[in-house]
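S.K.: Here's a structure for you.
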Amino acid sequence: MIENTDSEIQELEAIQEEIQEEIEELENAALSRSAESPTMITSDRLRHHHAHRTNLRMKVFATLNDPRIELLAAASVILSTFLVAVSTLDNLSIEAYAAIDDAVIGLNVLFTIDFFVRWYAAGQFKFIYLTKPLAIIDLFVVIIPLFLGSVMPMLDGFGLMGDFVPNVSESSGLQVLLLLRVLRLKRVLTDIQTFRRFAGAIGIRRSDVRPYQLQLSRVLLSIFTLLSVASGLIYTAEHAVNPAIPDYFTALYFGLTTLTTVGFGDIVPVTFNGRLVVCGSILVGIAVIPAQAAKLVDAIVASQGLAEDETIGTMTRSTSLLTTKKSRGDTDSPTNGLGPSGADLEVPPKDVKMENTGNAASYKVCGNCRATGHRMDATFCFNCGSKI
């Protein structure tokens with residue numbers, strides 16, 4: 001059964017409220033026109049029709065938020081990024097380039113369908129949906145690349161574009177936009193509930209997922225996104241004039257060494273745009289990665305504090321249990337040489353005496369700790385508390 005996060009539940013409630021308002025408006029309109037048009041559909045049929053539409057939207061919304069669908073979407077994003085990177089290699093055959101182009105176009109169509117279905121399920125094609133952060137990301141990394149890479153070349157083939165955007169399907173800027181699709185992975189990192197559902201889809205028990213693991217995933221995604229986009233921008237700025245950066249993977253190597261060290265000096269940017277990209281990437285890395293790492297440390301510390309609280313709680317419960325046992329049964333049963341708290345008792349010497357009121361034969365001996373010197377009218381041992 002699908003578990004909805006708090007944000008999903010709020011969106012579902014918002015959908016229900018919107019549909020209810022639409023039903024009331026249409027019912028009022030139907031009633032106002034019923035006198036003029038006797039053949040108008042009845043209010044009950046109208047309510048049934050819109051209830052069916054509401055159920056359909058909710059089912060679609062729930063399906064899109066299924067962990068298996070999210071896992072498939074994440075795999076598609078990673079595949080798309082990899083194909084874009086491979087397409088920059090120079091030693092591939094014509095058939096390989098054609099297969100990569102077909103796969104990228106297919107993924108473009110898949111992402112576009114996903115975008116519009118989500119828009120329908122969450123906002124019923126209302127403009128306010130496009131103001132959400134994830135919708136804005138989808139708009140830039142899905143719709144615009146599809147338009148530039150598929151629609152405009154098609155229009156250009158019919159002679160409708162002229163020389164407006166030449167070779168746009170092979171544009172390096174388009175490749176950078178396609179690389180930005182890694183930002184769609186943020187969809188599974190919105191909150192701990194969504195992350196646990198995603199972890200459950202890949203075989204990890206949801207109860208084993210901790211908040212610091214979510215923050216670690218966010219840090220890794222931030223680093224991966226920064227490297228991917230920075231490498232794409234470096235490739236775009238340098239590959240045409242710098243023979244040292246012929247493909248995306250070489251740019252990735254340069255970006256990785258630049259962001260993690262001071263660079264090895266074997267590859268250097270030769271254009272102004274390339275140097276600008278390097279400076280911007282370093283500044284963004286300094287601003288983003290430490291902040292994400294600080295949040296990760298806070299999450300780890302909070303997780304350790306929670307574990308310590310659980311340990312203290314367990315010890316407190318154990319102490320309470322021992323105290324309860326002591327108060328209930330230790331004074332009524334033999335202790336076998338142990339005190340009420342379980343500590344070893346020292347056996348007193350045989351000549352332990354109390355102030356006597358008669359001869360030695362009148363003293364009682366404790367059967368538990370063997371202490372002597374008890375008066376004949378004594379009921380409990382003065383040493384261990386056991387009943388004599």
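Glycine residues also receive a Cβ, built from the backbone N, Cα and C atoms like all the rest.
Heads up, TrEMBL stuff is auto-annotated, nobody curated it.
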S.K.: Can you dig out which of the ranges 248-269, 270-291 TrEMBL describes as transmembrane segment?
M.R.: 248-269
S.K.: Let me spell it out: take the transmembrane segment (69-88), skip the flanking residues so only those 6+ beyond its ends count, and list any with a Cβ under 8 Å from a Cβ in it.
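M.R.: Apart from its flanks, the transmembrane segment (69-88) reaches 63, 97, 100-101, 103-104, 107, 110-111, 114, 175, 178-179, 181-182, 184-185, 187-188, 194, 197-198, 201-202, 228, 235, 239, 247-249, 252.
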S.K.: Determine the mean pLDDT over the domain 'Ion transport' (70-288), rounding to the nearest whole number.
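M.R.: Average per-residue pLDDT within the domain 'Ion transport' (70-288): 81.
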